Amino acid sequence: MKQVFGVFGDPIAHSLSPAMHNAAFSALGMDCIYHAFRVKPEKLEKAILGAEAMGFGGLNLTVPLKETALKLDCIKPDPLAEKIGAVNTIVFGETGEIKGYNTDGLGAKQALQNSAVEMEGSKIVVTGAGGAARSIAFQLAADGAEITIVNRTEGRAIELAKDISAASLSGNVTGKGLSGLKNLLQDANILINTTTLGMHPNVDTAIATAEDLHPDLTVFDIVYNPLETRLLREAKASGAKTVSGVLMLVYQGAEAFKLWTGIEPPVELMKKTVLEALQV
């Protein structure tokens, strides 16, 4: 019998995770299958316990379940997931323990590293202060990065920066309002956009234009629909290096795969599968 893995969320119909993980299982000759399941927050604990009872191999969680999962008594979060305040990967232990992890920030970090972006000593600007910004900023702060979080509502950026600072991580984190973005970018090495600006169908919007950017900057947009956002086009026009949001999706999935199976997945195949799905 195939071992089942899955992703819980609501909505979930357009998830690319099943195609990505099933391609990896098939390539490795593993008798496993990955499905998407629509689960509402109030049913999450029952769904997780049901998956455990049925012998699922592991789970991913997506919107709007990541924060809900951390509050469940049945899940033991790892220290970083607890600090972030969100879980996106569930591992069922052999002793009955259900462990929660957050691979989003690690996925973003690896997307940058595997695009030959120099991280050490870099000044990083993160736009947005939602769940994705939180995961990424916590991960990079744990690695000692200098980060400025910029958000339209300055108070949210400052609050997130305080949360990260209170976690006693080695990085230096501050929060600013959107009006200061242009000046911050002049001294920045990396810009990470975690807002939905530029996402389909609002494809003509961007957090910054070419005149705000420069050739010594790396611009990473976690939006991957469309594949090339307006921000990435503006970055190319300025001479900046660009990193696609597809890579974060793939690498966070690859980290989850390793947590479940202990096996290194075929990352290039996973990336190819996602790109093909997005181009249909």
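Every residue gets a Cβ built from N, Cα and C, even glycine.
Annotated active site, proton acceptor per Swiss-Prot: K66, in sequence order, evidence recorded as sequence analysis. The feature shikimate binding site is assigned by Swiss-Prot to S15, L16, S17, T62, N88, D104, Y224, with sequence analysis given as support. Among the features that Swiss-Prot reports, NADP(+) binding site is placed at G128, A129, G130, G131, A132, N151, R152, T153, E154, G155, R156, I222, G245, with the record citing sequence analysis.
Here the features listed in Swiss-Prot are painted onto the structure.
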| residue | record | Cβ within 10 Å |
| --- | --- | --- |
| S17 | shikimate binding site | 23 |
| T62 | shikimate binding site | 17 |
| K66 | active site, proton acceptor | 25 |
| N88 | shikimate binding site | 28 |
| D104 | shikimate binding site | 29 |
| G128 | NADP(+) binding site | 25 |
| A132 | NADP(+) binding site | 25 |
| E154 | NADP(+) binding site | 17 |
| Y224 | shikimate binding site | 21 |
| G245 | NADP(+) binding site | 24 |
Just checking a number: largest C-alpha distance across G128, A129, G130, G131, A132, N151, R152, T153, E154, G155, R156, I222, G245 for the NADP(+) site, rounded to a whole Å.
26
Taking the Cα of A132 (NADP(+) binding site) as the centre, which of the binding-site residues listed as L16, T62, N88, Y224 lie within 10 Å of it?
none
Among the binding-site residues listed here (R152, R156), identify the one with the smallest other-Cβ count within 10 Å.
R152
Span of the shikimate site, taken as the largest CA to CA distance across S15, L16, S17, T62, N88, D104, Y224 (Å, rounded to a whole number):
18
Could you find out if DSSP has G130 (NADP(+) binding site) as helix, strand or coil?
coil
Which residues of the same chain, at least 6 positions away in sequence, have a Cβ lying under 8 Å from the Cβ of L16 (shikimate binding site)?
L249, V274, A277, L278
At a 10 A cut-off on CB-CB distances, which of the binding-site residues S15, G130 has the highest count?
S15
At the Cα level, what's the spacing in Å between R156 (NADP(+) binding site) and the residue listed as 'active site, proton acceptor', rounded?
19
